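In TrEMBL this protein carries:
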- A:26-198: domain 'ABC-2 type transporter transmembrane' (DOMAIN)
- A:37-55: transmembrane segment (TRANSMEM)
- A:67-88: transmembrane segment (TRANSMEM)
- A:120-139: transmembrane segment (TRANSMEM)
- A:145-168: transmembrane segment (TRANSMEM)
- A:175-195: transmembrane segment (TRANSMEM)
- A:230-250: transmembrane segment (TRANSMEM)
Amino acid sequence: MTALHAPLAPAPRPAVRRILSHGIYETRNVLRNGEQLLVSLILPLLVLFGAHRLELITSAATPSIDVITPGVLALAVMASAFTGQGIATGFERQYGVLAYLATTPLGATGLILGKAIAVLAVVAVQVLVIGTAGLVLGWNPDPVGLLWLGVVVVLGATAFTALGLLLAGTVRAEATLALTNVIWVLLGAAGGSVFPLDHDGAGALLLLLPSAALGEGLRTAALEGSFPVLEALILAGWAALAVLAARRWFNWR
Amino acid sequence: MPQHPPCLTLRHVRYAVGSARSPQGLKEILRGVDLTARSGEVTVLLGPNGAGKTTTLSCAQGLLHPSQGSVALLGQDPFRAGAELRARVGVMLQDGGMPQSVQPRALLKHVASLHQDPWPVDDLVSRLDMGDFMRTSIRRLSGGQKQRVALAASLLGRPEVVFLDEPTAGLDPQSRQTVFGLIDELREMGMGIILTTHLLEEAQKLADSVFILKDGEVVRHGSVAELTGAAAAGAASADGAARRMVFTASRTLTRAEIGSAPVSIELDGGADNAPGATWMTPRLSGPGQLRELAAWWELIDMMPVEVRMEARTLEDVFWEVSVS
C-alpha cells in the first residue's frame, strides 16, 4: 500500500495552461467519439458528394461545387458547435461533470473557454477535410475570400456553440439530444446553410436565421472574396443573445 | 488540547428554491444552518434523506449561493473565489461528476494537469487499488469503482479541505476499510475532511464532530461522546460511549408499572408490549440507577428474562432525531 507522504501544498496551474489543457482534453474526447465524428465529418462529406452528384437523380438545375462547398462547411460547423457540443454538454450536466469541473481550479469560465478551444480545433479539422474534398471536386474559392471565410467560420462557431450550450443548460440531456439533431437537420435542409435561400418574400425572412447567415456569409466570402457584413452582424447578434440567455438560464446541474 | 483552526464556517445559511409568486411557492431547503468544520478533523454530516446535507455541501463548495447567511471556506466566500481557493479544496460529488466515455486514467491525468503540484496519479491509483480498471471507460465501471475514481480525483490537488459526499456508497467492505484508512491518514496530515455518510457505525469511529440535519436545520451537533451522552453523563466506557440497558420482560407491563419506573423506559425498536418484549433505558447516568431498576423489578414482581448493557451509539441518537 502506497502511503501519501507529500505535504499539503495546493496551488493551481496558470490560467492559460489550465484552459489549454482542458481544450486539448475536450478535443481528444470529441475526436475519439465515433458518433460525434459521424455527425461532424462523415455526414457533411456525404452531403458534399451527394449534392455534387445531384444531377444523377434529378433533372432540375443543381448548384455548382463553388456554392455547395461553403454550404457544407456551414452544415459541418453547425454539427460540431451546436449538435456535438450541445449533446456532450447536456450529458456532462446530467452526470454532474460540469458541477465537478466548476469546483476544480478550471472553474466555470475555464470550462467554457476550454470547450471553445475544442470547438475551434474540431472546426479547423472540418475546414481542412471538407475544404480538401471540395478542392478535389473542383471548388475554386477566391483566395482573399478564404480569409473572410475563416472569420465567418469563427463567428458561426461562436454563435452555434452558445446556442448549443444554452439548450444543454436548460433542458434535459435526452431532450437536448433530440432537439439538436432535429434542428440541425431542419436548418441543414431548409435553413439556408447548404442551399442558398431565395432573397425575396419568405426566403428573405429566413435569412435572419443563424444557419442562413452562416451559409450566405461563407458563400459570399468564397465566391465574391468580400466580407459579408450583414451576415456577420446577424451571427454576432445570435451569439450575443444566446450568451445573455445562457447567463440568465443556464443551470450547471 | 488546542483546537484546530476552522476551515469552514456556515452562519445562518438559508437556501430556497422557487418563487413566492409561483404556484408552487418558495420552498426552503436550508433554514438557517450553522456549522463549523476544522482543519485536521473529520466533520460528519448526518441526516435522513432530504434533510439538506447535499445542499449544505453545495453552498459550502460555492456551487450554490445561499439565499441568506454567510459561508467562509478557508476564510473566503467560495461562491466568488477564484482558482487559488478552488485548488485548495477537493470535492467529491454524490453522483460522481465524471464523464462516462472517458477512461479513469485520462480523467485523473486531466484533473492533475489543473494543479501546480498534484499527487502523482499512480500513487493514488495504487493507494485506492484502482490499477485493474484504469483503462476501462467510466461507463463500464461498477458503482464502487466509480466511487474510488471520484475520490482520487478529489484528492489529486493535495487539498487543505476535502468534501466527500457519500464516499463509501457502493463499496465492498474491504474497499470501505481502505477508504476509511485513507481518511484517517489525510486527517493526520492536517486536511479538513467534511463528509456525509449513511454508515453510522463508521461515522462514529471516524468523526471528530458530527452535525445532524433534519428539515434543513442542524438539530444536534457535537463530538460523538457529547452526542451519545458519554461526556455529560459521566458514564463513559472504554469506547467513549454512554451505556443504555436493555431487558426482556417476562410479562406485559401495565401503564402504572411503566409510569413507576425509576428511569424512563421504552420499547426497543417499536416492539409490542407483550411477554418477551424488549425494553430499554435510553441512557443510564451511573450504577446507582441499576440498583433502582432492580428494586423496581422486585416491587412490580417481574423477573426479566434477559438483561444486558449496551453502548449508546450514534445510531441511537440518529434514530431519536429522525423520529422526533
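Backbone N, Cα and C atoms are what each Cβ position is placed from, and that goes for glycine too.
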Discussion item. Same chain only, please: residues at least 6 beyond the ends of the transmembrane segment (A:37-55) with a C-beta under 8 Å from a C-beta of the stretch. Say none if there are none.
Written reply: 30-31, 62-63, 65, 68-69, 71-73, 75-76, 79-80, 83-84, 122, 125-126, 129-130, 133-134, 137, 184, 188, 194-195
Response to the item:
Under 8 Å Cβ-Cβ from the transmembrane segment (A:120-139), and at least six residues away from its ends along the same chain, one finds 23, 27, 30-31, 40-41, 44-45, 48-49, 52, 65-66, 68-69, 72-73, 76-77, 80-81, 84, 150, 153-154, 157, 222
Response to the item:
Maximum Cβ pairs under 8 Å to the transmembrane segment (A:145-168) among A:67-88, A:175-195, A:230-250 is reached by A:67-88
Worksheet item: What same-chain residues lie close to the transmembrane segment (A:230-250): Cβ under 8 Å, and 6 or more beyond its ends?
Response: 151-152, 155-156, 158-159, 162-163, 165-166, 169-170, 207-208, 210, 213-214, 216-217, 220
